[in-house]
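Record features (TrEMBL):
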- 25-48: transmembrane segment (TRANSMEM)
- 41-288: domain 'G-protein coupled receptors family 1 profile' (DOMAIN)
- 98-120: transmembrane segment (TRANSMEM)
- 140-164: transmembrane segment (TRANSMEM)
- 192-216: transmembrane segment (TRANSMEM)
- 237-261: transmembrane segment (TRANSMEM)
- 273-290: transmembrane segment (TRANSMEM)
Amino acid sequence: MALRNHSTITKFILTGLSEDPHIQALLFVLFLGIYLLTLMGNLTMMLVIRTDSHLHTPMYFLLSNLSFLDLCFSSVTLPKLLEDLLSEKKTISVEGCLAQVFFVFLTAGNEACLLSVMAYDRYAAICHPLLYSQVMSSQLCKGLVWGSWGLASLNAVIIVLLALNLDFCDAQTIHHYTCELPSLFPLSCSDISFNISMLSFSTIFLGLGNFLPIFFSYVRIIFNILSISSTTGRSKAFSTCSSHLIAVILYFGSGMVRYLMPPSGSFLDCLSSLQYSVITPMLNPLIYSLKNKEVKTAVKRTLGKYLQYFR
């Protein structure tokens, strides 16, 4: 019994990324390196923002929360992927699979909301600099972050509760390296039309619902930047939001393709999932640190303090 009395499947088999042992060994080294870089980069970003008083601003408070989410997001899928790359049988229980689905929706939905909040923060900083501290107050920032968690949690609970009603009778091979709802639907012997509708609604609600505020914020930001007379001023204004814009494109581009397009069972499905759940969490700390002078300076100050402490 899996989740209901007439379900016969108790575990799923993941096809993974490759069946060749040599390629699996290379992929294990690659993804272990990516995971370690993700952990190190995001933990460093959180530590630097927390310890450096120069970064105690709304922008970096939100960035610290983004680093925490990236840390959680990559930890939902990568440890299991690394385990499977060393295993002959890549299996996961039905309960474990649905738990992974829940945490993917929780972290992915939360990150979409947070990126939208960060776009509003950049809009307030560039378009209303004199009122920025009043508009993006500490209380509002915390409220927006908690609101993101609440909305993403509610969405994840609803999606998983609906998935609990699915029956899995015969097919048990997931053509993917992890449990994601689009890859589970073809295995169900239940009527999945309502589940597909709810997944599409969820994707549009959290995906497009957060992308549209980002889009309109950047339309206002671009018009504001173009109205600045000096080239230096325009360059400085654009540099404050370019990192966030890159993160948005990387995340929303692959995420929307994965959840709005029907699953094909091909490597393209895995590739889009790898982009937003593995590659983007690793790249975000690099994007924000390499393109941000304040972060680079803060990292140097923090490292200098710790080096002096250990001498």
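Placed from the backbone N, Cα and C atoms, the Cβ positions cover glycine too.
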Which of 98-120, 192-216, 273-290 contacts the transmembrane segment (140-164) most, counting Cβ pairs under 8 Å: 98-120
Residues of the parent chain within Cβ reach of the transmembrane segment (25-48), under 8 Å, 6 or more residues beyond its termini: 17-18, 55, 63-64, 67-68, 70-71, 74, 78-79, 81-82, 85-86, 278-279, 281-282, 284-286, 288-289, 295, 298-299, 302
